[in-house]
Amino acid sequence: MNLKEKTRALFAEIFGYPATHTIQAPGRVNLIGEHTDYNDGFVLPCAIDYQTVISCAPRDDRTVRVIAADYDNQVDEFSLEAPIVTHDSQQWSNYVRGVVKHLQQRNNAFGGVDMVISGNVPQGAGLSSSASLEVAVGTVFQQLYHLPLDGAQIALNGQEAENQFVGCNCGIMDQLISALGKKDHALLIDCRTLGAKAVSMPKGVAVVIINSNFKRTLVGSEYNTRREQCETGARFFQQPALRDVSLEAFNAVASELDPVVAKRVRHVLSENARTVEAASALEKGDLQRMGQLMAESHASMRDDFEITVPQIDTLVDIVKATIGDQGGVRMTGGGFGGCVVALIPEDLVPAVQQAVAQQYEAKTGIKETFYVCKPSQGAGQC
């Protein structure tokens, strides 16, 4: 049974009437452009065929009832008439409540909803299960009540909910690609203007995601440290963000910066340039150049931004040794564990899967999880 059938069946069973709509919003993988989003830079993600699905119906009162199918059918119920506050014990509820609370501040022309939520975006892998949930919930209200909100506004609403209500600092990329993703394309997103350009993916190329299953621990504290270091760098150049600093300007004065801050800045500036070039390489179908850019990106994350771990570096090395110059591989996501992403010809997928299965666990003591994904459509009815 797929997620649509599962949530519709559960909806009818629990609420006693049929859902009127089913909405999906995908997870994402970032092909290149890491830790550039909060520096007003560029990112190149694609939506993947793992998503959050919500079967839903409007109510004729001001109550929101939510069932989380993946959490033993836990229930959350709250009123649109009272101030929406955080839930004491159910963390998933706060993503839903936060989205609804922030929607009220944007456009209050909606009533209650019944919904059943289920998803298959792997959690804790850095594939944006939370952004997928936020965008799905926003799209539910937008579709059921015909709210005049576009994908970018639904994405911003989700980001606000996560930053201010859930209390987790995140850039805009994850929500934006979930809302705006395009089938068979990646999206070059300008995180300052929120402009997005669809970039066609070469035919016969697989998007492979391998979860290291190394448990991320440092991610929150280290993420905030990196943000502060980047802000320090921008202040040094008297610019609003590192987006506004050129590599030439940086190289001229790099020795005057704190050495650690200098490394962080160099990563962001070089990664921005790589990301813009990667979009044109992909569009031309130049997988070889894309592979070089992904390798440079990984080295920069490892050596300058210092966010990789030995397990991730091992995975990258195994994949690289198998594919040579036919495609690319790098860590993707915030760092300190999580996943690597590889762009490889479809006919090389079995060899890569076999090499990783034979070597990764033997070297690290951890078993990986292997996903082959398709660049998919952003949020909407399904």
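For all residues, glycine too, the Cβ spot is worked out from N, Cα and C.
For the substrate site, Swiss-Prot records Glu34, His35, Thr36, Asp37, and the single candidate of Tyr145, Tyr223, Tyr360 listed with them is Tyr223.
The secondary structure of Arg28 (site 'Transition state stabilizer'), as reduced to three states from DSSP, is extended strand. Each residue contributes its Cα atom, and for Ser130 (ATP binding site) and Glu162 (Mg(2+) binding site) those atoms are 8 Å apart. Within the same chain, residues at least 6 positions away in sequence whose Cβ sits under 8 Å from that of Asp37 (substrate binding site) are Val43, Gly171, Ile172, Met173, Cys191.
For the binding-site residues shown (Gly124, Gly126), fewest C-beta neighbours within 10 angstroms: Gly124. The two recorded residues, Thr36 (substrate binding site) and Asp174 (active site, proton acceptor), show a Cα separation of 12 Å. Taking Cβ-Cβ distances under 8 Å and a sequence separation of 6 or more, the neighbours of Ser129 (ATP binding site) in its chain are Gly27, Thr52, Gly119, Val121, Pro122, Gln123. Under the three-state DSSP scheme, Ser130 (ATP binding site) falls in the helix class.
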